[in-house]
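Copied over from Swiss-Prot:
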- 1-29: signal peptide (SIGNAL)
- Asp105: active site, nucleophile (ACT_SITE)
- His433: active site (ACT_SITE)
- Asp484: active site (ACT_SITE)
- Glu493: active site (ACT_SITE)
Amino acid sequence: MALLLVSSSSSYALRVTIFLSFFFFLCNGFSYPTTSSLFNTHHHRHHLAKHNYKDALTKSILFFEGQRSGKLPSNQRMSWRRDSGLSDGSALHVDLVGGYYDAGDNIKFGFPMAFTTTMLSWSVIEFGGLMKSELQNAKIAIRWATDYLLKATSQPDTIYVQVGDANKDHSCWERPEDMDTVRSVFKVDKNIPGSDVAAETAAALAAAAIVFRKSDPSYSKVLLKRAISVFAFADKYRGTYSAGLKPDVCPFYCSYSGYQDELLWGAAWLQKATKNIKYLNYIKINGQILGAAEYDNTFGWDNKHAGARILLTKAFLVQNVKTLHEYKGHADNFICSVIPGAPFSSTQYTPGGLLFKMADANMQYVTSTSFLLLTYAKYLTSAKTVVHCGGSVYTPGRLRSIAKRQVDYLLGDNPLRMSYMVGYGPKFPRRIHHRGSSLPCVASHPAKIQCHQGFAIMNSQSPNPNFLVGAVVGGPDQHDRFPDERSDYEQSEPATYINSPLVGALAYFAHAYGQL
């Protein structure tokens, strides 16, 4: 990322600090979180819970409003944001307004956006019944994504998978409301296949169709019909989208794991959404070819094998689909790999107890793994069974305790005694790597902030003037260290796919501790 060097003199730093402090009050309209009711996390009614999971749940969903692209509604709660990207898609004469910015930049990447949507939907499918007043907000967050995905898949055998030139966008530090970099549009089709992004999009639409089946049946039918056609396209024209669009999607969201995992994942969601025997047969015939038995212990926007195994295991354990019996063993293998001290455990943990997969945005694996642990524990409980790791047995309760340890670490039970969610607890990241959050809001600074002007603020040590409430950052390193530096995108950047599985986990714990 190209950075503009700025003066390091104390007088310059002081001017920037005063500048941002002024805009903090104008943009947020309240004092610092430790004294604001919006950020109050000390009103627990249940002494058994160390954390206010309900408060964290509310904020984890609110975060998505800060990532919105397009025309914002009148009930927008993240009030420092304004409309943006209103001409998206015009480069190819299509309407691609809406959707989410993936992280701290102003690009709409379809691959992680679809995964975010799938995981938000799965969170609601498994734990939405526990969310009470937050269920509607979660559905709104899902629909903001699916409305966009319907636009992106409106033409047969074509998916618009990205809006914006990431390389040019990353050379600027400007608010989404000001962005003037080229809004290039990239697509996959018969000539440039993208089975990975297409199958993930099909999974997202199918999962969302389940979410809206009762509350909005007509919309649900639209989603499911589109999911079926998009999956057919993904399966017929095989290939990774990054092979044809490499300069534009790599290294940002390259499909490193290939497309096989997404085809299995997409088929699993369509089987769940349609109950059509053809998807079950597809899985039976193609499962091994698509990597059902491959050993991998990472679940995230790139590799979906673990999620597919656990989803398919439910069909065997709870719905008694005997032909999927082998997936119980595959799912157990994944779970065994993340249980500390279990036979075949292969997951690293920090000295403070955080699951650690990689330096870049590690918290995404913490939240996704925690969600899978809780979801699998739910399935195991329903079937009155356990996890088998060699000669050892692990109960659903053990899985829940591991997930709780991870969520609690994220919320503040860690060596630094800080929350990694913005706005939760008295101490949390103040300099997140996020353009809109770090720059003065439009209400306080109506004048345009040019492409390179923003780097003066990006490189400063001043706290962000706008709170992206609920944002979970990449997190600490393998030694539990966190510098809270805006330039450190690996540790300080939030992302939609970090939050989406966390929504389900927080709903579970909020209910379990009587907060919902």
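The backbone N, Cα and C atoms fix where each Cβ goes, and this holds for glycine too.
From a predicted model like this one, the values you see are computed outputs, not experimental measurements.
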Collapsed DSSP category at His433 (active site): coil
Residue among active-site residues Asp105, Asp484, Glu493 with least C-beta crowding, 10 angstrom cut-off: Asp484
Inter-residue C-alpha distance, Asp484 (active site) and Glu493 (active site) (nearest angstrom): 10
Alpha-carbon distance [His433 (active site); Asp105 (active site, nucleophile)] in Å: 9
Number of other Cβ atoms within 10 Å of the Cβ of His433 (active site) across all protein chains: 25
Cα separation, His433 (active site) to Glu493 (active site) (Å, whole number): 5
